[in-house]
Amino acid sequence: MAIEQHIDGLLRHVGLRVDHGLTPVSASLVLLAGIGALSVGTFALRLVRLFADVYILPGNSVSKYGANKKDLTRASWAVVTGATDGIGREFALQLARKGFNIVLVSRSPEKLGSVAAEIEAATPGVRTKTQAIDFALGDERQYEGLEHTVKGLNVGVLVNNVGKSHNMPVTFTETSEEEMEDIIEINVVSVLRVSKMIIPGMVDRKRGLVLNLGSFAGQVTTPMLATYAGSKAFLSGWSQALGEEVKRSNVDVSLLNTYFVVSNLSKIRKSSAMIPTPKQYVTQVLKTLGRNGGAVGRPYTATPWPGHALVDWATTFVLPRGWLLSYTYGQQVATRKRALNKAHKAVKSA
């Protein structure tokens, strides 16, 4: 009788009508059916939410963060790190077209000058500033130079794009100290230091957007890229903590959970439905600001590209984590073998 009463209580709690003529076994089956229906419903709602975020629901307007195409003298500034190639360059170009003045931060003064000239030619009236920093060095004088460059600017957007991965998949024990330290200095330390420089002003002005370039390697931990994966996992947790801290000051934080994009970092040259060009990717990001996309249920995180969003949803809600680790390990081992073979052939033909 106690079991029957307990099941009755559970059924009432989930809103199911109780038939007191049911046996305990029958009632248990009804309860399990209810739980199953709830699980399937939740599963379906998450999928619907994904498609709505990616294809239907509008994102935040960039005017929320100070874009002003009509009067660029009153427009806010966007600071973009890693701004001379790939995704970073595309963010700089598109944010300028949206009505922001641009601070370009990257390693090469020559490339910085080239991208600044490109922006000013394409979007007359947009002002640019440049700052050369080799983030791997952790040079205090270079950080002071950036601080001087942004001092007094009304910065509405910060794009922490700069990043570094391993030259090829490698076990942690075989990773060189130089490569390991470069990855942490670029992917973690630079993000913290630049953000600490910029975000207090956003908080004071009660307006801002911080976009941190993440990676699937930080969500689905990637063997053979352990240090890189760990650096991106850090960004995921840090972005969520930061987002909660500054949201009451109207500063929006979003970790962009990114799968493959055509870029120097990914070493991929051909685009597809699953692998966008930087232009396609950034267009989608700016169109869906404030939406989670495939990062359903993860605060301050977005997976905006449709193909990436589906992979994110599947790896989160469908595929077993242990299987993913094993599969990813096998893929990275194969990638390493191909890279070593290619390097060996290059040496022989030299």
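Backbone N, Cα and C define each Cβ position, glycine as well.
Among the features that Swiss-Prot reports, transmembrane segment is placed at 28-48.
For Tyr228 (NADP(+) binding site), the number of other Cβ atoms no farther than 10 Å from its own Cβ, over all displayed protein chains, is 25. Annotation source Swiss-Prot lists NADP(+) binding site at Val79, Asp134, Asn161, Lys196, Tyr228, Lys232, Val261, Ser263, citing similarity to another entry.
If you look up Swiss-Prot, you'll see Tyr228 marked as active site, proton donor.
Taken from Swiss-Prot, the feature active site, lowers pKa of active site Tyr applies to Lys232, supported by similarity to another entry. Take the CB of Lys232 (NADP(+) binding site) and look out to 10 A: across all protein chains shown you find 28 other CB atoms.
Reduced to three states, the DSSP call for Ser263 (NADP(+) binding site) is strand.
Sequence-distant contacts of Asn161 (NADP(+) binding site), defined as residues of its own chain at least six apart whose C-beta falls under 8 angstroms from its C-beta, comprise Val80, Thr81, Gly82, Ala83, Ile87, Gly88, Phe91, Leu211, Leu213. Taken residue by residue with DSSP, Lys232 (NADP(+) binding site) is part of a helix.
Once the Cα atoms of Val79, Asp134, Asn161, Lys196, Tyr228, Lys232, Val261, Ser263, the listed binders of NADP(+), are compared pairwise, the greatest separation found is 28 Å. Classification of Val79 (NADP(+) binding site) by DSSP places it within a strand. With a cut-off of 8 Å between CB atoms and residues at least 6 apart in sequence, the same chain places Val103, Val105, Val150, Val155, Val157, Leu158, Val159, Val194, Ile198 near Val79 (NADP(+) binding site), listed in sequence order.
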